[in-house]
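Participant: For reference, the structure I am asking about is given below.
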Amino acid sequence: MWWDERVSARFRRNLQPTLTYWSVFFSFGLCIAFLGPTLLDLRCQTQSSLSQITWVFFSQQFCLLLGSCLGGVFKRTLAQSLFALFASSLAISLVFAIIPLCHNVVVLAVVMAVAGLAMGCIDTISNMQLVKIYQKDSAIFLQALHFFVGFGALLSPLIADPFLSDTNCILSNGTANTSSNLPHIRKSLVPHHPGNLSRYDLPMKGMVVTRVSYAFWIMALINLPVPIAVFFLLYKERMVPCFNRSSHPLLSADELAMEARPADKDEPSSAVQRPQAARGHDDLFSCCQSKNFRGASYTYFAVHITGALVLFMTDGIVGEYSGFIYSYAVEEPLSVVHKVAGYLPSLFWGFITLGRLISIPVSYRMKPATMVFINVVGVLVTFLLLLIFSSSVVFLFVGTAGLGLFLSSTFPSMLAFTEDILQYKGCATTVLVTGAGIGEMVLQLLVGSIIHEQGSYSFLVCGMIFGGLAFTFYAFLLFFHRMYPKPSSDLDATSPDKPAVTDDNGLYQR
């Protein structure tokens, strides 16, 4: 095998929980990508305007960010984490099933807010649990985790596509005037930026004819095995009350790794019991409590902040590029025909998914710090070339593919690198997930406003600036990494700078 026997044995011992966390992240991807292509059909279903329906985007994104901040609340025991994942993945299936019944835009926004909270919890908890299980070996498993979110994000639009309306799905006297523009409107809809589509007068009253409900019910069925898988993991760990006849103390979040046993014994993780859970990895608000800062050096905060800022920029680039690349391509000077330009977002997400697949074996041979450096430099160079060849349609497609590859592994590599710097005991996972979520929401809103005021060329200029800032913040992170205290037995036990140590079998201890 292309990885060594130690990592392979560790993976085998944690096969079920690892596969479960990967499947839960598939739910995340399935839910994050369906809204864009189906939004016009949902507009018809709720008989709302374009400006009203785009608030559904905002409700999902805002609650996703809120769920990411609060996800660490459920880390205190493994039972809490697994129950939160079970509730979140089940909620996503229920959301898919309920969406066809939402005939009011406010109700739809509330349902999507629930989906956003579930997605935020999944994002934080799944990353956190894999880091706790594998620690210094977590990079490869985080790359695989984020491949599954890309796979889900590719699958849901493909499921929805056969059921999308080819003509306006509200039949009225004015339908014929707007039907030919429907594909352009669909691809131009981005979160909370319907201003450039205000010239299209879509009917709000009339007979609703849409088959998009079938797509959501299919996605609900596809996602249903995920909460079942989480339930089986709960059952295996004897955490389901009605099936637990013996007095079995809840495992700590770290004990899922089963590393207290010798490496050659593949026994269930429930056999390992340890009363005290590892500290750190709290929710964002717990991380900000003053007691967690006692004795911390300035580099402790600097590593958290600079790591979050790198992901603020790179995940923000993912959001703004996928949201506005179509609108940029169809405007002058490129003036790409609508049908051809429609392939650009799919190409971008396709190469993000491909890059995450490639990064799984690469991350075993290459350090996370090196991968992040290649990613941020690649993003910066790609945007520079896109600016230089801004009149070339061919290079726009090449650059879009390259940008997807470079951005694909940035988040999992940065998470593995930052957690390693902090010796797996800071609030890195929560802070980084939150920073990435804020960046994706804020930069998309910012770029949309700038494009509206300054024109389409500013789209690439913004990307170049964000890429330059990501590189700058990463340089600062490397500087603070060198300054961060190295593991030492002399550090105070209560200090946040005290390193987490592992025994010979990889058990996470304090």
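Yeah, the Cβs are placed from backbone N, Cα and C, and that goes for glycine too.
Pulled from TrEMBL, these are the listed features:
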- 489-510: region 'Disordered' (REGION)
- 21-40: transmembrane segment (TRANSMEM)
- 52-74: transmembrane segment (TRANSMEM)
- 81-99: transmembrane segment (TRANSMEM)
- 105-126: transmembrane segment (TRANSMEM)
- 138-159: transmembrane segment (TRANSMEM)
- 214-235: transmembrane segment (TRANSMEM)
- 300-328: transmembrane segment (TRANSMEM)
- 340-358: transmembrane segment (TRANSMEM)
- 370-389: transmembrane segment (TRANSMEM)
- 395-417: transmembrane segment (TRANSMEM)
- 429-451: transmembrane segment (TRANSMEM)
- 457-480: transmembrane segment (TRANSMEM)
Participant: Apart from its near flanks, which chain residues at least 6 from the ends of the transmembrane segment (395-417) lie with a Cβ under 8 angstroms of it?
Facilitator: 127, 131, 138-139, 142-143, 145-146, 150, 307, 310-311, 314-315, 317-318, 321, 325, 329, 334, 336, 343-344, 347-356, 358-359, 362-363, 367-369, 371-372, 374-376, 378-379, 382-383, 385-386, 389, 428-429, 432, 436
Participant: Short question: which residues 6 or more past the ends of the transmembrane segment (138-159) have a Cβ under 8 Å from it?
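Facilitator: Same-chain contacts beyond the flanks: 3, 7, 11, 18, 21-23, 25-34, 36-37, 126-127, 130-131, 215, 218-219, 222, 346, 349-350, 352-353, 356-357, 359-364, 368, 371, 408-409, 411-413, 415-416, 419.
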Participant: Is the transmembrane segment (105-126) in contact with the transmembrane segment (429-451), using at least 3 Cβ pairs under 8 Å (sequence separation of 6 or more) as the test?
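Facilitator: These two stretches do touch.
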Participant: Determine whether the transmembrane segment (21-40) and the transmembrane segment (300-328) share at least three Cβ pairs under 8 Å, counting only pairs 6 or more apart in sequence.
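Facilitator: Result for the transmembrane segment (21-40) with the transmembrane segment (300-328) is no.
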Participant: Going through 105-126, 300-328, 340-358, 457-480 one by one, which has the most CB pairs that fall under 8 Å from the transmembrane segment (52-74)?
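Facilitator: Ranked by Cβ pairs under 8 Å, first place goes to 105-126.
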Participant: Looking at the transmembrane segment (300-328) and the transmembrane segment (81-99), are there 3+ C-beta pairs under 8 A, with each pair at least 6 apart in sequence?
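Facilitator: Result for the transmembrane segment (300-328) with the transmembrane segment (81-99) is no.
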Participant: Taking residues 6+ outside the transmembrane segment (105-126), which of them lie with a CB under 8 Å of any CB in it?
Facilitator: 21, 24-25, 27-28, 31-32, 35, 42, 45-46, 48, 52-53, 55-56, 59-72, 74-75, 81, 84-85, 87-89, 91-92, 95, 98-99, 145, 429-430, 433, 437
